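What follows is a single structure, written as structure tokens, with notes after it.
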Amino acid sequence: MSTVLVRRKERRQPPQMPRGEILLESPPELPEVVTNSFQNVLMYLPMAAGSAAMVFTFLNHRNTLQLVAGGMFALSMFGMMFGQLSQQSGERKTKLNSARRDYLRYLGQVRQRVRKAAKQQREALEWNNPAPGRLWSMVMSPRLWERRSSDADFAQVRIGAGPQRLAVQLIPPETKPVEDLEPMSAGALRRFLRAHSTVPDLPVAISLRSFARILPDGDPKAVYGMVRALIMQLAAFHSPDDVRITVCASRERMPQWQWMKWLPHSLHPTEYDAAGQVRLLTHSLVELESMLGPEIKDRGMFGASRAPAEPFHLVIVDGGQASYDSQIASDGIDGVCVIDLTGSVAETNEATMLRLRVTPERVYVVKRDRAGKEVLSSVGRPDQASIAEAEALARQLAPFRTSAADEPEEDVLSANMTLTSLLHIDNPYNLDPAVLWRPRPQRNRLRVPIGLDADGRPLELDIKESAQGGMGPHGLCIGATGSGKSELLRTLVLALAMTHSPEVLNFVLVDFKGGATFLGMEGLRHVSAIITNLEEELPLVDRMYDALHGEMVRRQEHLRHSGNYASLRDYEKARMEGAPLPPMPTLFIVLDEFSELLSAKPDFAELFVMIGRLGRSLGVHLLLASQRLEEGKLRGLDTHLSYRIGLRTFSAMESRVVLGVPDAYELPPSPGNGYLKFATEPLVRFKAAYVSGPVDEEPQTRSEGPQIVRQVLPYLTDYIRPQVVEQPQPEQRAEENKSSESLFDVVVRQLAGHGPEPHQIWLPPLDVPPTLDELLPPLSPSAAHGYTADGWEWRGRLHAVVGLVDRPFDQRRDPYWLDLSGGAGHVGVAGGPQTGKSTMLRTLITSLALLHTPQEVQFYCLDFGGGTLAGLAELPHVGSVATRLDADRIRRTVAEVSALLEQREQEFTERGIDSMATYRRLRATGEYAGDGFGDVFLVVDNWLTLRQDYEALEDSITQLAARGLGYGIHVVLSSNKWSEFRTSIRDLLGTKLELRLGDPYESEVDRKKAANVPENRPGRGLTRDGYHFLTALPRIDGDTSAETLTEGIATTVKTIREAWHGPTAPPVRMLPNVLPAAQLPSAAESGTRIPIGIDEDSLSPVYLDFNTDPHFLVFGDTECGKSNLLRLITAGIIERYTPQQARLIFIDYSRSLLDVATTEHQIGYAASSTAASSLVRDIKGAMEARLPPPDLTPEQLRSRSWWTGAELFLVVDDYEMVATSDNPLRPLAELLPQARDIGLHLIIARSMGGAGRALYEPIIQRIKEMASPGLVMSGNKDEGILLGNVKPHKLPQGRGYFVERRSGTRLIQTAYRES
């Protein structure tokens, strides 16, 4: 049998017994009779004398008329005398009647006072000693077991009802002798005193503590009925801890007492048998004494102690074996009263005995006079209770037990009560959810105890709407720090979880500050969401707004689509009637620290109002909790908050805002004390239950040695021996201190995992990035397509997944798919530093690589973001990855893609290909082999760096973006902010991925939402639609750790590479470090043009055409390849011209060109200034002879027919050594402008040192002014711009910038010619 713990409250004050006295007034007295005859005679004598004289006067005349007149005079005289006497008598009677009336009226007023006092006296006595028929109602009231051993009326029991003196003393007046009193008034006084001095049928009680033995006799039925009534009152008002009621009866009479086995007062406190606690009903006093043991063994004689022993024992002896050496059969035991129904116990001390004679109508107290004769004193009518009535009361009391924390002298609200005690759960370690979650009556639905009220009764919070008998669906809880608010919320949520299944009730638990209020509840299947730590992550508040708003909409749509139900109540009613509808649990939202939430996000109040308005019908209940509540915070919401809980507040004003009174401010400081207010009911004071305290150690289900076998047995009074079996040695339990676990932890662990999974209202925030294998269809190797999602419909269609999109309103997270097949084919990624831009690019590349073959997509990467893209270089889809310092590869990459664009523009036109979609289709079907490329992606990580360091490439990439999309050329760019892209290219980026920006104001999605993208969360960003997303990790091993990302990418690249056996992405062709001269076009292929190398853009030959541009300049550091270039040019001249066509003169102070010309082409070689001057004079003379005369025709100028001879090539090496103050070449300066006409060519190579100043040297200045081609090789950038707009910088040997007026500036690699 389950038990119910009773925490006894402070005893209520009974009705007051009237006190005092009433002094009655004396009745009126009879008036005294006045006997003044002589005075009356004297008063009437003159009248009589006069009348007699008149009579005698008329009689003397003996006339008849006169005789009549005399008689009339005599008659009138006697009439006057009689009238006077009558008048005096009437006045006396009138006064006496008035006095009588006044006295009777006075007695009537006193009678009202006396009757009121009698009523109060009856109420007071019946409060303390109710009739047996009313005791059943006391069991379910706060008065159960209200009397404590320290109370004056402890162990006082009613035995019947009889007359008693009026509590207000009626004091009769002192009067004259009765014969002097007005008879009627005196009689009324006597009757008044006789009627009201006693009050009939008042409860008659005896104190069991005052007697060692009570011996009732008389009519057996009446005796048993009275004793049963006596026991019933004793059991109803006294707890089992204070009173024991035991029976010693013969077997024949034991059936009279079988009902007492249900009384908790008749159960042994520590001994158990097979049926439970041993029943204290025996057949002998010796056996009873052995069962009671020390409780009575060590007690003294009756009355020896001034403080009675506890607990008090009432022993009923009805036959049985009463041994004379029994302690109970002695003269009396302290704190023990024996009711002997059969005289089985020897009579000893008459002074401590009470004899009663009981008849069906009267009960008498029996005493003996000195002669030993019985003297009977009636006390009233005996109480009677049948066995059925007694057993009914006993069964009511059977489950109740006193709480161990009961402190009679203390306020019931001062102790802690566990939730399991309120729910009548004995062992929290052995919970059965199937039993706990059994269907509950509608009255108990959403109704749970949360603590004890001031009367010690469980206080239940009912969050149903008032129309269903509840307190309302929405409430408010305010409590200062240390008031126990968090504990109350935990208690409420845990109580609801223990009594309602997840099919009936779900929770959304929100803690704005991120405290531990709801910590540990994640395992409950009731919990749809636990949201904490919003204070530090305010963007999550908006996410919660969307989630809760979405849940309201979802419920509305579900009710409408399921059958257009008006409310959840109608929906559940249809389910119960058999409609095939899924469960739709009630949702209870508990929000702690809501006041601070509203301070941070005032707009959230609109959602609260919406829930308050629609939640009743949708089954969404709301409890708002906070430490403080400012006036005005609840504006618009307070009308929806039907119940309010006020724990101890910081101020009286806060208490008034919540409860309307300042009482919550005056609560004691101990946690859990509070007030509950709902509807128009008065405030209810309560103490919340405690669930965070340690729970008793889990009871051992198996132990070493004998174990009692559980059986189903009849519940009898006799001892039932348990069936014992031997148990094997138990396994050694792990050393675990169960007492360190809290009740909360134990219950949550017991309930975790039971019930259906709840609907997820709040998905976890985007904190843990997914991996690509989690977002893509199943991946596997394919012979035709490599490692991919083979067979998936979107494979190979330029779709890529790059992350997860958070849709809190829809309560789901979707893969973030990009469609790059159409106008959104260019991608821009913007985000502040360390926001995950490079990872986004890697994810995009990897995702496309997993869904396309290397023949379908190719990637060419410019990595200015720290080298992270280098990890993808081994992908078969990646043609090149160039880092910031790899300038050659960067330029070549852009040049290659640009060349591909130009090639496709030409091919598409020639072959009639109208779009890239057609091109893809033709390649896929094999109708067109193509150019070896598919969709080509030029990826630039950190666009600003490219603009700053490679400004010339910006225009090229802009052109690629403007023209390339229609030809399968895509650009993917990243930057720190959108403003770093010029408008010309930013508008072309059809797919924009916006990560966290340094300044949300620059967002191109939504500035307000951009501010909510969390900081220090790489990969978080906004979609075009304003949804938050999280970038996926570019790996396929399921590992979300950032620490192992490099290894994960390497594994992914290796997996993709090993699964592909076809051609890979064409690599970027680079300028060779060494270009053999033999690879240049021959004279037959190039004519008179002299090839000196190949350019970077197209890797095509670069020529010097001296017919067009007669001069050539070379600037370069030592050992950069200047002399090699001069040898190469010289060899080209010799190869293309005969000695008759061209002659060579060398000025070479360092003698590096001694062996260059071994043919007849060389006509001069100067290694010194003197030799050079001599040669220059000769050259000048020869050239001046070729100057055109003034009369030449245009045709002659074009054909140069006015002179004959060879072209003269003057080759100068180390010009810085030549161009001194006595420059031997200076005389030629005036001939340079006409050099083309006269066949003079200067080829000058100069060191880079001082080249900036050398530009103003006359010969170089004149050549530069003529826009002659030149080559700037490796040098120091401090020299400034030398040719065109080229500043020198470090370059490999043989490499330089070829500056020409027609083709602009090109980077070329000059050919190497072996000496």
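We count from 1, first residue shown onward.
Glycine is treated like the rest: Cβ placed from N, Cα and C.
Packing against the region 'Disordered' (1-21) from elsewhere in the chain are residues 116-117, 120-121, 123-125, 127-128, 142-148, 151, 167-171, 239, 276, 398-403, 405-406, 408, 411-412, 415, 417, 421, 424, 426, 452, 454-457: each is 6 or more residues past its ends and has a CB under 8 Å from a CB in it. Here Swiss-Prot flags 1-21 as region 'Disordered'.
Per Swiss-Prot, the feature compositional bias 'Basic residues' maps to 1-11.
Look at Swiss-Prot and you will find 721-1315 tagged as region 'Binds EsxB', backed by experimental evidence.
Per Swiss-Prot, domain 'FtsK 2' is recorded for 813-1004.
Sequence annotations record features per position, and here Swiss-Prot assigns ATP 2 binding site to Gln834, Thr835, Gly836, Lys837, Ser838, Thr839, Thr1031 based on a large-scale study or a structure entry. Following the DSSP three-state reduction, the secondary structure of Gly836 (ATP 2 binding site) is coil. Just so you know, the Cβ of Gly836 (ATP 2 binding site) picks up 26 other Cβ atoms within 10 Å once every protein chain is counted.
Averaged over the region 'Binds EsxB' (721-1315), the predicted model reaches a pLDDT of 91. Close to Lys837 (ATP 2 binding site) in the fold, though at least 6 residues off in sequence, lie Val829, Ala830, Gly831, Gly865, Asp941, Asn942, Ser974, Ser975, Leu995, each with a CB less than 8 Å from its CB. Taking the mean position of the Cβ atoms of Gln834, Thr835, Gly836, Lys837, Ser838, Thr839, Thr1031 as the ATP 2 site, the remaining residues of that chain whose Cβ falls within 8 Å of it are Gly831, Met840, Leu995, Pro1018, Gly1019. Here the binding-site residues are Gln834, Thr835, Ser838, Thr839, Thr1031, and the one whose Cβ sees the fewest other Cβ atoms within 10 Å is Gln834. In the three-state DSSP classification, Thr1031 (ATP 2 binding site) falls within a strand.
Per-class residue totals from DSSP over the compositional bias 'Basic residues' (1-11), listed helix then strand then coil: 0 helix, 3 strand, 8 coil.
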